[in-house]
Amino acid sequence: MVLSTEENTGVDSVNLPSGETGLGEKDQESVNNLCSQYEEKVRPCIDLIDSLRALGVEQDLALPAIAVIGDQSSGKSSVLEALSGVALPRGSGIVTRCPLVLKLRKLNEGEEWRGKVSYDDIEVELSDPSEVEEAINKGQNFIAGVGLGISDKLISLDVSSPNVPDLTLIDLPGITRVAVGNQPADIGRQIKRLIKTYIQKQETINLVVVPSNVDIATTEALSMAQEVDPEGDRTIGILTKPDLVDRGTEDKVVDVVRNLVYHLKKGYMIVKCRGQQDIQEQLSLTEALQNEQIFFKEHPHFRVLLEDGKATVPCLAERLTAELISHICKSLPLLENQIKESHQSASEELQKYGMDIPEDDSEKTFFLIEKINAFNQDITALVQGEENVAEGECRLFTRLRKEFLSWSKEIEKNFAKGYAVLYNEVWAFEKQYRGRELPGFVNYKTFENIIRRQIKTLEEPAIEMLHTVTEIVRAAFTSVSEKNFSEFYNLHRTTKSKLEDIRLEQEKEAEMSIRLHFKMEQIIYCQDQIYRGALQKVREEEAEEEKKTKHGTSSSSQSQDLQTSSMAEIFQHLNAYRQEAHNRISSHVPLIIQYFILKMFAERLQKGMLQLLQDKDSCSWLLKEQSDTSEKRKFLKERLARLAQARRRLAKFPG
């Protein structure tokens, strides 16, 4: 946010072109003194910004200028004319209908004046200052239409001459409140929105132009400036038309300029520029400057402002010089940070677009091989739980473990039925299947049926977990495809198609395997030594619990009945078998899912991607980029080159 070379406005403003404006020798001598001060104090900073602008850094960052705003017919154009020495369109109503960027370039002595008006793709070369006004009017009619409409499109006026300073000025449409004639009903809102886009930039010095003969408290331009610059660090008030002040109100104007009415941190200046009558009478800019000096020197109320250095265009220019120097010094560190951040951002964005696609067919094949290998490596990292993840995110395997843990808890929940429910089930089976056994003998049929029923209820939750995990893996694999192939829509689309086909097949195989496992679980079996150990552990735990019960309250009659019947024995066997079934199912189902949905899914996808290389004719088709990818990559490379050079030049700057 450095004030661009073009922002030299302040100083240069005084450097009125004698050839074009007819300045006298004394006026030119005064101007030359100011320019000497400008060269010594501001030129190094301006040269730096000029070099950045020559690099094209302005495409990436705002290099500030001076914006002139004011109510309609406040005298904005007159102030610009006085500061720059360039005659601009004038008149009543909306004169400035497009933002006008006035870029002045100082040439060496002896070089001829030249100008250029640019808008859209049109460039109009100018050979004489008198052609400027007509060219700008044509540009405004072309952009905003013939009439009173406005546009936010820029018109650029470049003026190169030995007698102008290096500076940039922006003339914005005058603020209006009521639509007139063919103006759009919301013309006022349009203009304010347009002005705000410029004056809110920290890189812009706002010159707020206010006629001396209006109540400053009601000025819309000052209110807008204060809204975007509440501390007044970038705002200078400029009072115009002091010759139109009503008699008896002069002291109020003096109070305003002395910052006693509507406070601005940077205060006010007052100038008297050429009016419409002066233009009609063909008063030259030189004569206007002389008349201004005489007016303030002889005015009984305003001459004190001249003595304070707050009146006349030369004083305004000198003030702007000082403000510009200060603003540049404040802006340089911020500009350096902006360039650094923009460089980093562009580097990160360029990485997303990857390398340029080779033109040679054989090189294209190698390029495709590299892209597919990178994709396959990322898939391998996912499967092995070694992928890189952003802060706050978790790896694929971490998410799968959460699902598997939920599955284990689902089994526990199913097996841990309430005592009363299980007691009723056991009694129901005892009544149904008990044969000739005497009390105390375990009915194996009862035991088998209860186990089978409980395990069967886990089958559908297992299938639901399979679908959940499959979707998680599919999304993860798709993200890898987007990361590697997003700019190659045919390759990305082909990968997604393969991915979906393989997913359906693997999910189907995994489901068949899980259902087969649950069919096998209907066979009640466990290794003898394992089952004995589990049963022994259950009995020991119950014995320990019984000891605690005897030391405390007496057990219920229901519990005592169980201890003396086959019910106690059945409960012990149920608990023992369920522990082993839990261990087996909670591990085996996730193993099936990992094998089919993670391992085999990944392997088949990787092989399918490598098979794409067998079709040499499809290489170019697969590597076809998005329509704007190549342009974006080129743009980012150019941007990085500009910003890298800008950083080097800033690093060498002595300030």
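From the backbone N, Cα and C atoms, a Cβ is placed for every residue, glycine too.
Take the CB of L172 (GTP binding site) and look out to 10 A: across all protein chains shown you find 24 other CB atoms. Taken from Swiss-Prot, the feature GTP binding site applies to 70-77, 171-175, 240-243, supported by sequence analysis.
According to Swiss-Prot, the feature compositional bias 'Low complexity' maps to 552-562.
Under the heading region 'G1 motif', Swiss-Prot lists 70-77. When Cβ-Cβ distances below 8 Å are used as the criterion, the region 'G1 motif' (70-77) is approached by residues 88-90, 92-96, 171-172, 174-176, 208-211, 214, 219-221, 240-241, 273 of the same chain, each at least six residues removed from its ends.
Look at the region 'G4 motif' (240-243): DSSP puts its residues at 2 helix, 1 strand, 1 coil. According to Swiss-Prot, the feature region 'G4 motif' maps to 240-243.
What Swiss-Prot records for 272-275 is region 'G5 motif'. Outside the region 'G5 motif' (272-275), and at least 6 residues removed from its termini, the chain residues within Cβ reach (under 8 Å) are 75, 78-79, 81-82, 240-243, 283, 285, 288, 291-292, 295-296, 312-313.
Secondary structure at I175 (GTP binding site), taken from DSSP and collapsed to helix, strand or coil, is strand. Once Cβ contacts within 10 Å are tallied over all protein chains shown, the binding-site residues G70, P242 are led by G70. Across the region 'G1 motif' (70-77), DSSP assigns 2 helix, 2 strand, 4 coil.
Looking only at the binding-site residues S73, K76, I175, the densest Cβ neighbourhood within 10 Å occurs at K76. Over the region 'G5 motif' (272-275), the average per-residue pLDDT in this prediction is 86.
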